[in-house]
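As recorded in TrEMBL:
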REPEAT    51-102  repeat 'RCC1'
REPEAT    104-156  repeat 'RCC1'
REPEAT    157-209  repeat 'RCC1'
REPEAT    210-261  repeat 'RCC1'
REPEAT    262-313  repeat 'RCC1'
DOMAIN    380-443  domain 'BTB'
Amino acid sequence: MVVCVTSQSSMLDVGKWPVFALLPPEDLQLIRQACVFGSAANEAIYVTVNDEVFALGTNCSGCLGLGDTQSSIEPRRIDILCGKKIVSLSYGTGPHVVIATADGEVYSWGHNGYSQLGNGTTNHGLTPALVSTNLISKKVKEVACGSHHTIALTTEGEVYAWGYNNSGQVGSGSTANQPTPRRVSSCLQNKVVVNIACGQLCSMAVLDNGETYGWGYNCNGQLGLGNNGNQQTPCRIAALQGINIIQVACGYAHTLALTDEGFVYSWGANSYGQLGTGNKSNQAVPTLINMDKERMVEVAACHTSHTSVAKTQSGQVLMWGQCRGQAVAYPHLTHFTSTDDVFACFATPAVTWHLLSVDGDDYLTVAQSLKREFDSPEISDLRFLVDGKCIHVHKALLKIRCEHFRALLNETDEETIEIHQFSFLVYRAFLEYLYTDTINLPPEDAIGLLDLSTYYRESRLKRLCQETIKRGITEENAITLLSAAVKYEAQVRMIYCDFYCN
């Protein structure tokens, strides 16, 4: 029987957020999704590769969903969310937390003084509870929270909103708080929404035709309507007529919009330079940001801060606005490769602007991309069959990296090559080395890889194996290593002798 073994997904790097500092490495390696929130970025929720959900931090208003208001410096499991497969998560400043699951269900918990949990009460929610009113037959794919209100986007392109409504941010046509989900209709009736975002007290929506609508608080011009009047129902941003918007992101009181051609527009509050216009004057209409002709593929902002971020098609990340206390009025090129890193290092508070996910499409370096594609069947064009298991690779890369494969693959068009003289573990480690320039084997197995490196005349790999064996040899395993080395390169026995001589 052939067993195709694919590589495991890489771990999510949350090391830049101090709230995770006490987690042991073995726990960090299991994190697949994460969100950091709270007034001082001191609360966090994360999901493991086993789809278990954990929370830690100060637990204000029961926002960790643990059933109490006790702070926790160590992770505690949120049992009700385990196995739910979270696809979207957002939070308010109370804070309250709202998620959407792969099944389209919505759960909420935490602060509820303005009915932002959508359960019809103003009682804080200590555990995640299903939001069912008017959503029971809907499948929600995205959620967004302002300070104390929530909006949800369904797979059918409908928007529902609930919670605090002092400025019309729920879009109901009044300023009365909305205790349960209510469909935002008015100008959005019979239209398909594809993207949503919330500022502190406003809401934004992008349609499938590229039109953008805003409603709620507008005293800083954050709705982009050319005035400073609050709007109780969605209003189309006329200044963007003919411009196809594909994504919006809201800061505390400013808005960023990305076009299908890679341009970025901004409007709203600008006291920290968060509009990227070179000055600190508010703008009530969308203003094109000068990005030196670079095409942008993502914009990022968070309703808790005045920081703006954008990522270029080539993977560069720019930031502007409030950056660790400084006012940066023009887009500033960083060394980061992810928009998330800016919020971890420069935003105040240093929260995450969206749900971090290892499955996201963040820019990868060439080395990272190659590592990710190793042993991935999706676009591979060759597989090696070893001990009944297959390893997926790419012919072009093997030809570039190894003279043996250059000669072999120029002579054959086979899509499967069987290997008999080496074990699966050793041969997979060899192929992985060609993708990563590193080896990750215990010294006992490195001996077999050393033999392979001699067979294929890979001198650098040979040195790496020798170093691995030398570093790994101990009194406890020395005899085992020597026994394994008898049939291999004499250099291993020399390492053995050096060990005992020293």
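Glycine is no exception: its Cβ is also placed from the backbone N, Cα and C atoms.
According to DSSP, the repeat 'RCC1' (51-102) comprises 6 helix, 23 strand, 23 coil. Under DSSP, residues within the repeat 'RCC1' (157-209) fall into helix, strand and coil as 3 helix, 23 strand, 27 coil. Per-residue pLDDT, averaged across the repeat 'RCC1' (157-209), gives 97.
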